[in-house]
Every structure is written in structure tokens, then in C-alpha cells.
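Undergrad: Okay, here's the structure, questions in a sec.
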Amino acid sequence: MMDLELPPPGLPSQQDMDLIDILWRQDIDLGVSREVFDFSQRRKEYELEKQKKLEKERQEQLQKEQEKAFFAQLQLDEETGEFLPIQPAQHIQSETSGSANYSQVAHIPKSDALYFDDCMQLLAQTFPFVDDNEVSSATFQSLVPDIPGHIESPVFIATNQAQSPETSVAQVAPVDLDGMQQDIEQVWEELLSIPELQCLNIENDKLVETTMVPSPEAKLTEVDNYHFYSSIPSMEKEVGNCSPHFLNAFEDSFSSILSTEDPNQLTVNSLNSDATVNTDFGDEFYSAFIAEPSISNSMPSPATLSHSLSELLNGPIDVSDLSLCKAFNQNHPESTAEFNDSDSGISLNTSPSVASPEHSVESSSYGDTLLGLSDSEVEELDSAPGSVKQNGPKTPVHSSGDMVQPLSPSQGQSTHVHDAQCENTPEKELPVSPGHRKTPFTKDKHSSRLEAHLTRDELRAKALHIPFPVEKIINLPVVDFNEMMSKEQFNEAQLALIRDIRRRGKNKVAAQNCRKRKLENIVELEQDLDHLKDEKEKLLKEKGENDKSLHLLKKQLSTLYLEVFSMLRDEDGKPYSPSEYSLQQTRDGNVFLVPKSKKPDVKKN
């Protein structure tokens, strides 16, 4: 045989290519081009696709490396969960000032940031627990004077004001203490350069300045030269939009409280009593007692003002005093709008709100009874006699036994006029909702309430002026219905509506009858099922009794069998063995002693 050279299995032969060329010329609509059958062309496309895939993988790898390098420069914030750039350790530069209260600290550059262990070691080296470096108690007592007992709260010294010559001379410290202070500043610089403490964002200007206190030999009268720490500079941004008149009144009243001739007037009772006052009324009392100096030109004495302030903060709060506050002022419409429907027991000499019921318990119980009803049922209850409550006058409820008097004659007159208007309101007028100022228009309410109970067929029959009721159209027999229809003349629309009403009514009645029959059948089946269950229980009970009696009979029979078998004897007078013999009874009633057949023993090979 001749060996034929076969082309590789993956490559088409020349004969196949010629056949494909012939077929393509005969039918161009093969759906594919000739390049598809060209293996070299397909191989080039495969190599090109492979190169694109490798290039794509290379780009993805490069992007992953860039992301890895980018995230290496970030740190995760544990509080917010976002990535933040790692900030290098920045050294805090201290500001230099000409004042004696500020110390000059030179900037110490650091090549590497200190960590916590290095910092602790540096602290141990700087402040060793040795008696040589400790300051003696006498030196400490000479530097730190005793604070007078009448000054309970710490008083800060204003650093932006010039000090007296005696104070500046008294603040001169020994040389060794200056060196220790510089060491402390240097340690603070190194502490704040730790990366773990960068999140604190502590600056030198926010740190508490350490100032020297004059020795006890200085006169106690120098307290008058000090200026108490005022909260006005910190409030300049908040009260910047206020008028100068208000700021002047604030400064006068605040300075009159603090700038006293005798420091003993700053008692603990007056300083700490503001802790017992509710913070909700802080701004109200604040505006109340600072407005007095602006009204009168004469300033009260410091002792009287301190005594009145302590009484105001420690004494019981009167309801009439609260009416001065803006939250209880009747002249503010925004505050009165919030308490239109208030159920509070405190009466502030204001008229009852028209929008709310006279008693909240009555309104809540009335609303609960109407909660599960439909709109039509609610309207029926509204229209029923006795359902509308009579708005009689009621005595207002107060928290105290005395009546609260109005603050001014004009204000009291306005409230009395408003009460008179509320009493003269007609009783038949419906209560309005909180968003309305007038009573709703109720002219057509009765007719709409009646139409709400009509069905769709009744409304259509009423619109076409059909003189017969819908129930009569549906329920009349055929003869009576035809006789009724012959007595009247109807147009096509009326006839079509009457037929439609009767047809749908009959269908409805038929459906109701069908459902009724189905329900009756279901009830009958339930009764049959209950009867079968009772019969089953009865049969099971009888079966149990029969089984019990049968078991008793078997027991009696076995007892009789053993008794008869024990009475039998052989020729020798010996009893028969029950394992070898048995008693059997024939149909005629005779009993025979039959030996039991023994099975022959089969030996297994």
C-alpha cells in the first residue's frame, strides 16, 4: 500500500481550501469571510490577542504596585476609618515675648523622632530621683506663697496687661530654677515631637504658662493691682453682632460684681451657687439681671448687688419671674406658637388655646374612642345630639395657691380682653385645627354626610331621576316588576341602568344563595365527620374491652390446661412431662393425650 502524506490535524489541506474557495464563489452568503478559514490569519489574530492579554496583566500589576506604594505613605485613622497621610514629626517653635511671664525657648532641631521608650529614658535622665536635684522645702515655701482662704476658686492673671514694678521685681528667680525651667521646656519639645503624640495638636500658646508668684512678704494689698480673668475677650466673636449699648451694660454689670473693694465679698456661696441653677434658664436670668444698669444711671452698691445675686441664685424660682424670660414672654409669637397645645400645669396668665380642647384628658379619651371608626361613623357621632361638648368656663389650674398677677397694666388688660373674647365665642362653633385661624365652612356638611351612605347604584339612580328604590328593582318578582315598569315611561339610559341594577342585583343574590348552600354543605359535612369520630371512639373502646376479655379467657384456659395435665398419670403412677406430651381436643369434645413429635437431628457434614 502507498503511504499517503496527511496534513497536520490542525491545518486544513490544500484540497479543503480549494473546496472552500469553490463553495464561497458559488454562495457568497455563507455568513463568514474567507479569512476565517485561513489558519495563518487566525494564528496572527491569536498571537495579537495574547499580546494584548499580557499587556493588560502588566498594566494591572503596575497599578497594584502603585497602589501599594501609595498606601505605604498613608496611615489608617482608627476613629474615622479613613486613610490619612503620615505627617513627619514637626518641632514646636516657642514664641518669644518681652513680657516677664514668658520664657524664651530656643528651637532644638532633631534628626530623628523620639519614641515613647526613648522619651521615658530621657525623662529618667533629666529628673532622677536623687536628693541633690530636689528643691528644698524652704525654697519651695519661699517661692510659692499661701493662697488666702477667702479665695476658693483659682484666679488667672491677665498676661496682656502690664505688671506693677513690685510684682516684676518679685518674679526674679534664682539661676538654678531658670535652668530647670529651660530643661522642662526642652523636655516638652522632645515630648511633643513623638509621632504618637502628633494627633494631640498641642501648641505652645495653648499650654498653661508657668508664672512666678510673689513671696508672702509682699503686701496683701497687691491683690488690688491684679486683674481678674474676664470672659469678655473670649465672647467677642459671639457677641460681635450685638449693639454697643448691650456690651456696655454687660461690662458695667460684670465689673460691678467682680471689682469689689474687699476680696472677702467673693464668698463661696455666691461663687458656687450657679451650679444649682438649671442651664436651660441661664441665658434668661443673664439677660434679666444685666438689663438693670442700662435702665437706671445710678449703680447699686457692691454689697447690695452681691446679696441680691446670691438670693436670686439660691432662692426659689417664682413663676412670675419666669415671665420676664423670652421663653415665657407673651410678646414673642414664636414662643407662643410652641406652647399652643401645652398640657402643663403651670398657668402663665395666658388665655387657653382655641386649637386644643379645654382638658387634655378629655381630648385624649375622645380621640381614642374615634380611633377605630370610619369617616362616616365619625360624622354621625358629630351630628348626633349631645356629642358636641359644651365649652363652659373652667377655672385654670395653677402650680401654687396664689393667683399670678400680670406684670404690667397693659399686659393684664390684653389678657383680660383675650379671655373675654374666648368666653363670648358661640358654643356651636367647631374647634379649628392648629393651622387655621377661622372655623371651617360647614354649610354642605349635612348633605355630604347623607350621600356618603349611598351606594354607587343609588347615586346613579338618583342622578337619572329613577322614581323606584334600588331594593324594589332588585327584589320584586318578574310579574310585579313588569307591571311597575309599564306604569312609567323611561328613556334608553334609564332602562339600561334599571336592567343593569336588576341584573347585578340578581347575580349578587344568586351568589349569596350559592355561598349559603356551600356553607350548609360544609356544616353538614362537619356534622357527619363528628359523628364518624364518635363512632370510631366507640368502636375502639369496644375493641379494647374485647381484647381484655380474650386475654382473660386465654389465661383461664392455660390454668385449666395445666390443672388437667397435672392430674394425668402413666402406668407407673408418674405424672406426664409437659415437654413430651400435650392435650388436644377433638370436635366432638373428647380430649386425648398426644406425645410431642421430636425432630430428628440432622448432622451437618
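Note: Cβ is positioned from N, Cα and C throughout, glycine not excepted.
Grabbed the feature section from Swiss-Prot, which reads as follows:
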type	residues	note
COMPBIAS	334-354	compositional bias 'Polar residues'
COMPBIAS	579-588	compositional bias 'Polar residues'
DOMAIN	497-560	domain 'bZIP'
CARBOHYD	K462	glycation site
CARBOHYD	K472	glycation site
CARBOHYD	K487	glycation site
CARBOHYD	R499	glycation site
CARBOHYD	R569	glycation site
CARBOHYD	K574	glycation site
REGION	499-518	region 'Basic motif'
REGION	522-529	region 'Leucine-zipper'
MOTIF	79-82	motif 'ETGE motif'
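Tell me about the surroundings of these features in the structure.
TA: Per-residue pLDDT, averaged over the domain 'bZIP' (497-560), rounds to 94.
For K462 (glycation site), the count of additional Cβ atoms within 10 Å of its Cβ stands at 12 [all protein chains shown].
The Cβ of K472 (glycation site) has 12 neighbouring Cβ atoms from other residues within 10 Å, across all protein chains displayed.
Secondary structure at K487 (glycation site), taken from DSSP and collapsed to helix, strand or coil, is coil.
Secondary structure from DSSP puts R499 (glycation site) in a helix. Using a 10 Å Cβ-Cβ cutoff, R499 (glycation site) registers 12 neighbours.
If you draw a 10 Å sphere around the CB of R569 (glycation site), it holds 10 other CB atoms from the protein chains shown. DSSP assigns R569 (glycation site) to a strand segment in the three-state reduction.
Around K574 (glycation site), taking its Cβ as the centre, 8 other Cβ atoms fall within 10 Å, counting all chains. Look at K574 (glycation site): DSSP puts it in coil.
Residues 457, 460-461, 470, 473-475, 481 of the same chain, all 6+ positions outside the region 'Basic motif' (499-518), place their C-beta atoms under 8 angstroms from a C-beta of that stretch.
Counting residues 6+ beyond its ends, the region 'Leucine-zipper' (522-529) has no Cβ neighbours under 8 Å in the same chain.
Same-chain residues lying 6+ beyond the ends of the motif 'ETGE motif' (79-82) with a Cβ under 8 Å from its Cβ atoms: none.
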Undergrad: Go ahead and report the DSSP secondary structure tallies for the motif 'ETGE motif' (79-82): helix first, then strand, then coil.
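TA: Helix/strand/coil tally for the motif 'ETGE motif' (79-82): 0 helix, 0 strand, 4 coil.
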Undergrad: Would you count the other C-beta atoms found within 10 angstroms of the C-beta of K487 (glycation site) for me?
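TA: If we count other Cβ atoms within 10 Å of K487 (glycation site), we arrive at 7.
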Undergrad: What is the three-state DSSP composition of the region 'Leucine-zipper' (522-529), stated as helix, strand and coil residue counts?
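TA: Result for the region 'Leucine-zipper' (522-529), in helix, strand, coil order: 8 helix, 0 strand, 0 coil.
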Undergrad: Rounded to a whole angstrom, what is the C-alpha distance between K472 (glycation site) and K574 (glycation site)?
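TA: Computed Cα spacing between K472 (glycation site) and K574 (glycation site) is 106 Å.
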Undergrad: Tell me which of the glycosylation sites K487, R499, R569, K574 ends up closest to K462 (glycation site) in space, Cα to Cα.
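TA: Closest by Cα: R499.
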Undergrad: Going by C-alpha distance, which of the glycosylation sites R499, R569, K574 is nearest to K487 (glycation site)?
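TA: Answer for the nearest of the glycosylation sites: R499.
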Undergrad: Count up the helix, strand and coil residues in the compositional bias 'Polar residues' (579-588) according to DSSP, in that order.
TA: 0 helix, 5 strand, 5 coil
